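Q: Copied straight from TrEMBL:
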SIGNAL    1-19  signal peptide
TRANSMEM  182-203  transmembrane segment
TRANSMEM  208-225  transmembrane segment
TRANSMEM  245-263  transmembrane segment
TRANSMEM  275-296  transmembrane segment
TRANSMEM  302-322  transmembrane segment
TRANSMEM  329-349  transmembrane segment
TRANSMEM  355-377  transmembrane segment
DOMAIN    418-630  domain 'Histidine kinase'
DOMAIN    672-787  domain 'Response regulatory'
MOD_RES   D720  4-aspartylphosphate
DOMAIN    821-920  domain 'HTH araC/xylS-type'
Amino acid sequence: MTARILCILIFLGSFQLNAAKIPLTGDIAEPLNITSQTEFFEDVKGTSEVNSLSHENFKPLKGDFMLVPFSDNALWLKVSLKNEAKSGQEWILQYSNELSEDIQLYRYDSTKSAYILADTWDINTSKKRNFKGQEPYFKFTPARQETIYLRLKNQRGIRSSLYIFPASIYPDVLLDYQGERLFLFGLLAFRLLLVLTLGIFVIKDKGFRAYSLFILIKTFGYWGLINVMNPDFVTSVEIGNKVNFLFYASSPFGVILFSLMVLPLEKLPGWIKTGFYILLALCTLSHVMVWVSYNWHYVSMGLWVVLMTSVFSIGSFVYAACRKLPIQNFYSIPFMLGIGGYVLMNFQVLTGIKIPLALLLAFILLVAELLVFIFFLGRIFSQTQMKGIIADQQLENERIQSEKLMELDNLKTSFFTNISHELKTPLTLISGPLAELRKRYPEEKLLDMMQPNVTRLRDLVSQILDIQKLDSGKEPPFIVKADLARQIRLQVLSFESLATAKNMKLSFGQNKEEFEAYFDDDKLNKIISNLLSNAIKYSPEVSEVLVNVHYDIRPKKVSISVADSGFGIPEKDILHIFDKFYQVNSQKHQGSGVGLSLVKELVDLLQGKIEVFSNTGVGTTFLVELPADEKTWQNFVDEESKPSADFIIPEKTSKNAQSHSGEDQRHDEKKLILIVEDNPDMQEYLFEILHEEYDLIRAFDGKEGILKAGMEIPDLIITDLMMPVMDGLEFSKNIRENLASSHVPIIMLTAKSDKTAKLQSLEIGIDHYLTKPFDPDELIGVINSCLSNRAILREAFSQNVAEPALKIEKETNPWEKAFIAELQDFLEIHYQDSSLSVPAIATKMNMSESQLRRKLKSISSYSPNEYIRKFRLQKALFLLQTTETSVSEIAFKVGFENLSYFSKIFQSEFNKAPSEVPRS
Ligand code: ADP
């Protein structure tokens, strides 16, 4: 407490004994500053009575103004007046600080011979106030000789002066004062409006906006300082004080915000930012505390924060400037000038150290701030204009650049399209013979290596051609109405083996098993294939790819998500992955950057949406949403291509299911293929690929396959390697060993790429070994090549059934050779027997008659009877050419009993009569 009193002594100046009485003369025409003629006494306990003040030790004030410290003490001011003016003249005693919280005026009442409370003023006194922000005043008529006392109670430290003047000049004083105030008020309000309007609508610059915000807070802060923000309806002095505090102590918020937004913090030491955060916390804390309880401790803390924030901020800007860091001077300089005034004023009241001319300096700083700001405003405008011009120029440049890029892109696409067209034919010519070579030289590894590359090239070429078609608008949607769920299931399934080959798990889920909808099957397939092959390609081994399909009914649409837990796509690349020929890491993975751009164009064409979510090292998810309702696609539905019954009716394929519709209906012109496959979805898939061109029968394991093959003797068998009950190898072995089916070409489809399985299957005479995932075209190519080989053999065999050509000997499998040899041997022995019958041959060959019929039909295209007849006729021809035996004898010898019938059929077989055959 002694320290405080000592402080006050320093604040209030030195002693001056016996202060003279202040003469009030009639010629006082200006407010008279009587601060230095006033005496004071600090009532530390706040209990002193006015009538006992004569015992107190009053000391004179010094200087034009006094600094009232932050405290809850009462401060008594004593003014001795000598009224020399005409009697009855009213005088005004003015205490010049709007933030005066509580003042009481005591005058001597001679009737009571005591001092009494004559008048009061508090922060909310409205009865005497003509306008907001008016300074406290008391009007009275002093006696000839009068000593008056003022009792001040102020928690907040203030700076003030005491004036006295005749009441008659008060209107002029008010006008002067109010004029100044209004001028300043107008200036500040105008600046506030200006910066706000400019910041919001014109200068869209971060620095300027930060400055506008600072000005907003600062202006309200100033209004808080002159008690303008304290609303009239507030009657409680405490709340009035708190409201004022709320405004005048908020400037740190503006200062901190501005500093954080404008200072190049990333280049400054970290403690600067931390310092601002600490000050922000302290400022908030002081506000909370003042609102909890209004007392001088918290109020002074709030003002210390204001002072420290201002100093810290100025220091930071100066530091940044000294380090030549880029700071926006246009805002920073007026900002620093603006808070300079605050520093001065707060420093005085907080420390009690009087700074001569502080008020004038603060005012100069304020004016300087305004002038500098106005001066810079022109620069800010021209800078903004410049920025606008540069931005426009940049925009124009970007437009030109993007046009050029587009041109280049078109050029690139058309170049690739032309090349692709050129490549297409030679590629087709390579892939056909390559398939043939792989068949001929199954152990040649180089050929195996060539195949995937040929397929890749072919895919790439067709993708580029697809993009070009889409770009040129030549590829409209080709919509069918069908079971979308089934199609997607099949499409996803065809990737299972690719995933298995990479040791990956492909999980698939749909919210419906059947969903009749409108969609473009081919394009949908391309979308799913690209997304899935990317998911597999860009994931490490032993990871999982998850395909989830969600069908919505109203309106009908499908959402497909393909999620992998692979390498992911870096954020900077995500924007570009749908660009043509864009690859993220072209060195690391094989690719061309075409797939996703095709996907995007297809999705756009199908009026859908595609989104990608990716995290490097975590995985990638592609989400495709496509409309599948009739309304969207009614103009595109292809009536003619209305899917066949098999296509529309989704038959549940299960082990016990009966034959698929369309299956087992033999069409003579179509070849019959037996599919032996345990996976129902794979069966469906194969069915889908093959049902239009071939008649199909199906079996779910090797055993059933053997039964069906024996019964039907198909033209070709497609079998899986791994199956329950009886696997593909055993099944194929059985087929080969069974005379009835030993000739049937077998294609082995399997995910297994291990060598022994392959060698084993080739040992048993498998004609082709295709690793899943197979390309449907490749499968059809292989089937056709098998069937045409068979046709060549059949043709060769039919030429001479009695003496099979060398080709047959060379190109048929051992079991087939054995069958032919056995048949030949039997006929050789029995052809002369005119009673030789088909059942006898069937019995001999251990087959049923119908098996024999089918078998002979497929190896020679003859029925058994035709076959025997041919055999006999060829024998007859041989005998005619090599012996001298008579025609009738020869006819008899080869089993014909009727000579004229023999001659007739001989003629039709060889186009000449037996007698015309040149004899040796
Ligand atoms: P590419 O033939 O190179 O695979 P795409 O157009 O299909 O061409 O893909 C473009 C790029 O996007 C690829 O180079 C690849 O880096 C990235 N990408 C596509 N899908 C995935 C995915 N599922 N995971 C990680 N990266 C992917």
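Including glycine, each Cβ sits where the backbone N, Cα and C put it.
A TrEMBL annotation is a machine prediction, not a hand-curated record.
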Q: Among the recorded stretches 208-225, 245-263, 302-322, 329-349, 355-377, which has the greatest number of Cβ pairs closer than 8 Å to the transmembrane segment (275-296)?
A: 245-263
Q: With DSSP as the reference, give the number of residues of the domain 'HTH araC/xylS-type' (821-920) in helix, strand and coil.
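A: Counting residues by DSSP class gives 71 helix, 0 strand, 29 coil.
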Q: Among 245-263, 302-322, 355-377, which stretch has the highest count of C-beta pairs below 8 Å with the transmembrane segment (329-349)?
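A: Comparing 245-263, 302-322, 355-377 against the transmembrane segment (329-349), the winner is 355-377.
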Q: Sort out the sequence-distant neighbours of the residue listed as '4-aspartylphosphate' for me: same chain, 6+ apart, CB within less than 8 Å of its CB, listed by position.
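A: Listed in sequence order: V676, E677, D678, N679, M682, G728, M748, L749, T750.
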Q: Please count the residues of the domain 'Response regulatory' (672-787) that DSSP assigns to helix (H, G, I), strand (E, B) and coil.
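A: The composition, in the requested order, is 53 helix, 24 strand, 39 coil.
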Q: Which whole number is the mean pLDDT over the domain 'HTH araC/xylS-type' (821-920)?
A: 79
